[in-house]
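Here is the structure we will look at.
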Amino acid sequence: MGFCFCLSSGGSTDKSQIYEITDYGQENAVLYSDHHVVPQNLGSVSSLAGGKGLNQDAAILHLGYGTEEGALCGVFDGHGPRGAFVSKNVRNQLPSILLGHMNNHSVTRDWKLICETSCLEMDKRILKVKKIHDCSASGTTAVLAVKHGNQVMVANLGDSRAVMIGTSEDGETKVAQLTNDLKPSVPSEAERIRKRNGRVLALESEPHILRVWLPTENRPGLAMSRAFGDFLLKSYGVIATPQVSTHQITSSDQFLLLASDGVWDVLSNEEVATVVMKSASEAGAANEVAEAATNAWIQKFPTVKIDDISVVCLSLNKKHNPQPQI
């Protein structure tokens, strides 16, 4: 059994299991547990709508994923007319696809194969519904992290980001970035796109942002180089193959944090780490980072509409100690 706590609307029991195609629901931020209650000391998740209308982000923290002490974190930043559809469907289906492949392989040895196979299957599922939901110019980023034993395994598509936060030997806050922001500005990403006849150009109005365009048409102008969906550009170098990595958890590592670019566009890794370490509780850390990013948007870009902001924060060295949800 699982317990699903949708942060936008309160708690509700969920009889489904992740081993099937679990539907986490339609809320933007979901905290899910395979225990009867949600352990409040293990982490938090938050998703705040920006100033562009519908919140197209989705986020998940699944406690007890795969094993009792396991966890899955995911942030999905949708874009385009069907961005919210894509991000929530990936959030709702990819964890069960991934777990199915994890059950059939050695997780630590075959993590790259597991992720690549799972992401390809997920992308095909989105393509299959194109007659109902046209995702030719819509898609989502995905940054996914699985805590498995004393390791954190990460998969990344696009420009959402994962960081590890802890304390150094001299007591200072430390932060390590676990993913690369996969954008057309990365030389190897641009090279792949151009080899497949896609174009990488910036608009005159925003010369600092490189985008991906069709060979002979000035559309769609995608600001990332890897994504689910975005089928207009799949023949021109945009791929749904994740960049993967594995990281050993040490005694100095305290938190794993994932966030959409609505955070990273305005806050540095170090600023985010400081907010987390100063947070009064694990249960509030994600929302405090999201609020800090919102305030930074207002200060730094007062005339620009705030982006959607999603954050997942997991405590790494605490055991499950479930407390009933009131």
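Cβ coordinates are placed from backbone N, Cα and C, and glycine is handled just like the others.
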Binding-site annotation, Swiss-Prot, Mn(2+) 2: partner of D77, D307 in D34, D110, D261: D261
Long-range Cβ environment of D77 (Mn(2+) 2 binding site), under 8 Å and at least 6 residues apart: Q56, D57, S87, T140, T141, G158, D159, S160, S260, D261, G262, D308, S310
Cα distance (Å, whole number) from D307 (Mn(2+) 2 binding site) to G78 (Mn(2+) 1 binding site): 11
Mn(2+) 2 site, defined by D77, D261, D307: further same-chain residues with Cβ within 8 Å of the Cβ centre: D57, T141, D159, S160, S260, G262, V263, W264, D265, D308, I309, S310
Same chain, 6+ residues apart, C-beta under 8 Å of the C-beta of D307 (Mn(2+) 2 binding site), given in sequence order: G50, K52, S260, D261, G262, D265, W297
